[in-house]
Each structure stands twice: as C-alpha cells, then as structure tokens.
Amino acid sequence: MDILLVMCAGVLLGARWFPQKLYRFNANLQLLCTVILIFSMGVSLGARPQFFEELSTLGVQSLFFCLLPIAGSVALVYPLTQRFLAAKQSIGEEDGHGSSGDC
Amino acid sequence: MVLAAIVSLFLGIVCGRWIFSPQVVALFAQLSPYVLYLLMFAVGISVGTNKLVFQKVGEYHLKILLIPFGVITGSILGGMIASLLLSYPLGEGTAIACGMGWYSLAGVLLTDLSSAQAGSLAFLANLMREIVSFALIPPIAKHLNHFTAIAPAGATSEDTTLPMLIRHTSEEVVVLSVFNGVLCSAAVPIAIDLCWRLLPH
C-alpha cells in the first residue's frame, strides 16, 4: 500500500510540476534504482547459508513449479487481453493514426 | 536491460556469498525498500507526465480485473498440473504455485504450514519465477501483446519486474501492472492458505 501512495505522489508531481528537461534524468534514475534493487536481491540470496545446496537438491522440482504456473498465467491472460484489451488498444491506436493523418 | 539484470543478480550473489560482510549484507537489506520507493516515485512521474494514461485506463472499467484473474487462476492450474506430473501432494504443490513470484512470503508460509523442505521448494520455485520473468517479458511483449507481459511476473509486477515492464511495454500497461501486482500480492497469503486447506495433501 505504501508503494501505491509513493507512486501516486510521483504521478501528481509528473502531471503538474515536473519539468520536461528532467525527463531523461528520471529515466536514468529508474535504471539505476532497478540495477541496485536486483543487485540487493542477489546479495540477500548469496548470503543465505543453504542457497546453493537448495538450488542443487530442489532444482528440477522448482523448475516445474516455476514454469507451469507461468505457462498457465500466460495461457489465460493472452486470450483474455487479446479479446478484451488489446483489440480496444489497437482500435484506439488506429483512431489516433487516422486523426493525425487528417491533420 | 535483460543483460544488466542478470549481471546485477550474478554480481549480487557473488558479493553476498564471498565478498560482503554480514553488516554490509544487512545494510543492503535495509536500503532496498527506500530504493524501491524512489523507483516507484520516478515511475509515478513517468506515468504522470503521460496525460493519456489515465484516460485510457479509465476506459477499461471492470476489464482491469482480467489480468489478475488470469494470473491467479493460471498459477493455480499450473501448480495443479505440476503436482500431478511430479506426483507431488496436490494441496502443497498448488500452494507453492500460489506464491506467484513472492518467494520470501511463499517460503515462510509453506515452512509454517508444511515443512522446511516445502518452504525451500516454494522459495526456489518463486525465485525462479521472478528471474525467468526478467527473460520472458521482452519476447512476450514483442510477440504476444504488452498486457500478457505482466502474466509471468505475477505478484512481482508492482516492484522487482516492474522496471522490465516499463522498458518493454508502455506507461498505460505499467499502471495495469502495478494494479495487478497489488491484487496478486494481496491474494498470495489467502490463496496459499486456501489451497493448502482445501486440496488433498
């Protein structure tokens, strides 16, 4: 919930007061934060005493319980979004292209 | 970006394992939430500067629930199939899949509900989901559609995998991604508990 509030504060700043000349800085800041977060995740994992042992003993089962839920999620989300969201988006994009073409 | 993510993760594991002292490891753990807040603030600015985002998201109404519905249901079904293929207890296996990438919580909950081994399996499977998502988001966004790129990320679509989604989709999809992450994160403890209690194990 905290994350949503922080993001909303950013949205408010971006929508009202954020200067265009800082857009690039903002994009670079996102990249830097991302790299730090992923690095931190790696640090936490590497520091776990049994990390490598767990990886070798439970690896195959973990892979099944990783890949099949991903496959299930993609298999459901793709047709749903293709039918109800992507079609709407492409219609919107076509409208946009049409109006810019008119201009 | 994928390369940067994988290299960062690898370097982090090496540093956490062999280079950093426990104090430095603890410092990173303390700093991470603040870096995440900064990232979310910066992402919010990106969303706010794009005036069309909320107009478009508002057009979706209840359809905004389609993605979390698909992610949660698909994860449960995937967990059931994996359990059957591995001859693993159905309730436990499905509960593991219900972690939807939130490896720390899934590991703790499964350890508490079942055993340390189930907790370790939940931890690793959901950690892999997060890592595999980094690699899957770009091709899914390119070859299927931008919305489907949220699916592998599951509950992590509001934080760790969000930067990949920002890079490879659009501000509009990023808003849906955060919404999906919040709903899936809220669903993780409930789904794990329900699957554990209602399905045979």
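Glycine is no exception: its Cβ is also placed from the backbone N, Cα and C atoms.
Marked as transmembrane segment by TrEMBL: B:36-54, B:66-88, B:100-124, B:173-192.
Under 8 Å from some Cβ of the transmembrane segment (B:66-88) lie the Cβ atoms of residues 94-98, 100, 147, 150-151, 154, 176, 179-180, 183-184, 187, 191, 195, all in the same chain and six or more residues away from its ends.
Listed as Cβ neighbours of the transmembrane segment (B:173-192) (distance under 8 Å, sequence separation of 6 or more from its ends, same chain) are residues 43, 46-47, 53-54, 57, 60, 64-65, 67-68, 71-72, 76, 95, 98-100, 102, 105-106, 109-110, 113, 146-147, 149-150, 153-159, 162, 165-166.
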